[in-house]
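S.K.: As listed in TrEMBL for this protein:
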type     : residues : note
REGION   : 1-26     : region 'Disordered'
REGION   : 39-95    : region 'Disordered'
COMPBIAS : 52-62    : compositional bias 'Basic residues'
DOMAIN   : 166-260  : domain 'NAD(P)-binding'
DOMAIN   : 309-408  : domain 'NADH:ubiquinone oxidoreductase intermediate-associated protein 30'
DOMAIN   : 464-550  : domain 'NAD(P)-binding'
Amino acid sequence: MSAATATALSPSTSLRNSLNSYPNWMKWQSSPCQSTTFFIPRAAASPDTGKGNKKRKPKAKKPSSPTPVTTTTTESMSEEEQPQPQQQQQQQQVSLSLDDVNPVGLGRKSRQIFDDVWRKFSGLGQISRTTRADDMEALDALLIREGPMCEFAIPGAQNTTVLVVGATSRIGRIVVRKLMLRGYTVKALVRKADQEVLDMLPRSVEIVIGDVGDPSSLQAAVEGCNKIIYCATARSTITGDLYRVDHQGVSNLTKALQDYNNKLAQLRAGKSSKSKLLITKFKSEDSLHGWEVRQGTYFQDVIASKYDGGMDAKFEYTETGQAVFSGYVFTRGGYVELSKKLSLPLGSTLDRYEGLVLSVGGNGRSYVVILEAGPSADTTQSKLYFARINTKIGFCRVRVPFSSFRPVKPDDPPLDPFLVHTLTIRFEPRRQRPVEGSAGMKQDPRSFKLILEYIKALPTGQETDFILVSCTGLGVEPNRREQVLKAKRAGEDSLRRSGLGYTIIRPGPLMVMLEEPGGQRALIFDQGNRISQGISCADVADICVKALHDTTARNKSFDVCHEYVAEQGRELYELVAHLPDKANNYLTPALSVLEKNT
């Protein structure tokens, strides 16, 4: 073994002591440009089995430890280090020629010693859950920062704790091991911690018992976590299970992570990078001051008066403690809106934020959010930008990134959040989806009710907070595909509205019967439900791990599968990214061409 190898395998004192059990004759030292003398360890010569009076060579006593193989150079030694004549004479007496060495014995002995050292080293990987904190830190330094796994370590992984939901699934088990190999702290959320589950996960994984359908059991799971990878899926096609795991489970976890981040922000006096900027909160009747209700039409007065059916709207604080914007629009081309000039805290500007998040409720209508931007001193130079949002029956959070706002006049420049000074929420009857009421009766799309709880600005983030493994629907039985996709898409929508940085991965059919390792085939990244090929679980797990710190993966949804050859003229995919080795950063160029929030 070379000196370099010995150094790589001995980053700590404990491991160095184990390596010192190697006999000295396995170490090699060399000095250039000088004559070299080899001292070979004495080995017992094979006994002479021949008959006759042939003399047998006398056996030398077996030394207690093999004589080291060294290279001596007289010129390179100091006077103290130069061997004395008596020592040289002893070395000459015990030296043997290569013909006297038994290679079989030497090989067997060296193999036994190496196996013993390797057994000690590999035992370090089995970290007990009862390991003390100081011992855990020492082992982390040994195995990750300096040990043989350092080539897999990712900068920042030591300070990142990832919660893996669905850690015992096919993808989840691979995700857990990839995370540990790269130096992350891993927590696994499981419904029960029986022996079968314990055998599936490494011992150093912190196991938390909980259910994604029970919000109260998720507080302990997200405690101390920075990111979440959601690999769980319903095990049956029962509508209740699909809703509980694929939809409500995602919503519960996003809310739990947000509550934990808000708790940290309060402890840090609002200085957390994940804390939102409160624009307005409708908690009392005084909070309605400054909001103005207006109405208008898109047509000229002559045309509008011909089809005038009347419209009305009001904004009030009810006895139940809710701020309600409600009314109706029966006029063709008419609209009603709620508007206010923003008053941000001193030193706060919206250009430091990513978008808006609205906590609202009502009867499931769609609205238009309008931002007016320009010099506050001269509103005549202001420009209007709009984005459409959809709500649902009941309460929900709606995320509106600044990148989704489009100018009303196509020739106007893109929105500059720094110049925003007025916020407007508009209702118009057109483009309203039919919504059934509680009694199953369809509601009149010309009436609306919007309950406002708060409006906040989302902090600008560089990385994703929540990675969701969804599906494209391929490989699902036709009779259950619609139910599965409905639950999956509902979970995706709840994640987008949460305000967290997200990455939604929709893999093709997972190769279960013939599972293959990751990195063997090229991958296709696309948007639009156009892929048709499968993908291995290992490749999906690798994408999840790479997306944790990839800025291009934030707020992206995409389909992925293995490469295939499409018919000429029917090429559907956007990009093929080859995976030649583990160090290749294929995700950044693949996702840079895809759109956000899809």
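All positions are counted from 1 along the displayed chain.
For all residues, glycine too, the Cβ spot is worked out from N, Cα and C.
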S.K.: Sort the residues of the domain 'NAD(P)-binding' (464-550) into helix, strand and coil with DSSP and give the three counts.
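M.R.: Taking the domain 'NAD(P)-binding' (464-550) as a whole: 31 helix, 16 strand, 40 coil.
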S.K.: Taking DSSP states H, G and I as helix and E and B as strand, how many residues of the domain 'NAD(P)-binding' (166-260) are helix, strand and coil?
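M.R.: Reading the DSSP string over the domain 'NAD(P)-binding' (166-260) gives 47 helix, 14 strand, 34 coil.
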S.K.: Report the mean pLDDT of the predicted model across the domain 'NAD(P)-binding' (166-260), rounded to a whole number.
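M.R.: Average per-residue pLDDT within the domain 'NAD(P)-binding' (166-260): 89.
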S.K.: Can you count helix, strand and coil residues in the domain 'NADH:ubiquinone oxidoreductase intermediate-associated protein 30' (309-408) using DSSP?
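M.R.: Output for the domain 'NADH:ubiquinone oxidoreductase intermediate-associated protein 30' (309-408) reads 9 helix, 58 strand, 33 coil.
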